[in-house]
């Protein structure tokens with residue numbers, strides 16, 4: 001058993017052959033630190049994942065194109081770009097590399113990698129780096145078609161809870177998220193599957209209603 005730090009409390013988990021099992025843990029998707037081994041944060045695989053979502057990279061290209069309207073070329077660009085972004089990660093403390101690539105409506109692909117900090121909470125995830133870079137380049141909600149993440153573990157890692165909410169700010173619930181493991185095998189899920197019953201910009205009142213409310 002290993003003691004794992006997460007969400008401000010300790011938890012015991014059973015680790016075997018690089019796999020992490022979280023028993024009755026509601027905080028699925030939170031990046032966890034394996035304190036006893038000083039290694040980075042393994043993600044558990046999504047619970048009760050349909051077999052159709054588990055595929056090797058070759059099959060994922062075909063299935064994703066059919067289900068999410070992406071071409072094989074789109075998926076190949078995403079897979080290659082997120083792996084390339086992973087090589088640029090700055091992670092001297094955890095040595096847990098994460099690369100992210102986002103596909104924009106105009107066909108451009110924007111990269112991001114995790115950037116750690118000696119003050120651990122200050123580090124930034126690859127997904128937020130990629131989305132933030134795209135926003136600086138002018139992208140806005142409605143401009144994002146898909147997002148891909150690559151890590152060095154198997155099963156593949158999924159975006160942490162904070163990143164899922166950040167993605168929700170700019171992406172539609174049906175946006176496909178492609179998650180690649182160390183061998184290039186992938187899992188494809190939509191944002192809505194990763195973040196069900198979510199809160200986003202569409203839940204807020206229109207600006208004019210907010211202004212009227214403040215003036216009353």
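Each Cβ is built from the backbone N, Cα and C atoms, and glycine gets one as well.
Curation plays no part in TrEMBL annotations; they are all automatic predictions.
Taken from TrEMBL, the feature active site, proton donor applies to 127. Marked as substrate binding site by TrEMBL: 114, 115, 116, 117, 118, 119, 120. If you look up TrEMBL, you'll see 125, 160, 163 marked as Zn(2+) binding site. Taken from TrEMBL, the feature domain 'CMP/dCMP-type deaminase' applies to 73-202.
Shown on the structure are the features that TrEMBL records.
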{"residue": "114", "record": "substrate binding site", "DSSP (3 states)": "coil"}
{"residue": "119", "record": "substrate binding site", "DSSP (3 states)": "coil"}
{"residue": "125", "record": "Zn(2+) binding site", "DSSP (3 states)": "coil"}
{"residue": "160", "record": "Zn(2+) binding site", "DSSP (3 states)": "coil"}
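The two recorded residues, residue 118 (substrate binding site) and residue 125 (Zn(2+) binding site), have Cα atoms 14 Å apart.
Closest to residue 163 (Zn(2+) binding site) in space, going by CA atoms and restricting to the binding-site residues 114, 116, 117, 119, is 114. Among the recorded positions listed (125, 127, 160), 125 has its Cα nearest to the Cα of residue 116 (substrate binding site).
Taking the Cα atom of each, residue 127 (active site, proton donor) and residue 117 (substrate binding site) are about 16 angstrom apart. Residue with the densest Cβ environment among the recorded positions 116, 127: 127, by other Cβ atoms within 10 Å. Of the candidate binding-site residues, 114, 117, 119, the one lying closest to residue 125 (Zn(2+) binding site) when CA atoms are compared is 114. On the 0 to 100 pLDDT scale, the model's mean across the domain 'CMP/dCMP-type deaminase' (73-202) is 97. In this view, the densest Cβ surroundings among the binding-site residues 115, 118 belong to 115, judged by other Cβ atoms lying within 10 Å. When DSSP labels each residue, the domain 'CMP/dCMP-type deaminase' (73-202) comes out as 44 helix, 33 strand, 53 coil, counted as helix, strand and coil in that order.
Cβ neighbours within 10 Å of residue 119 (substrate binding site), excluding its own Cβ and spanning all shown chains: 7. Cβ neighbours of residue 117 (substrate binding site) (same chain, under 8 Å, six or more residues apart in sequence): 123. When each of the binding-site residues 125, 163 is scored by how many other Cβ atoms sit within 10 Å of its Cβ, 125 comes out lowest.
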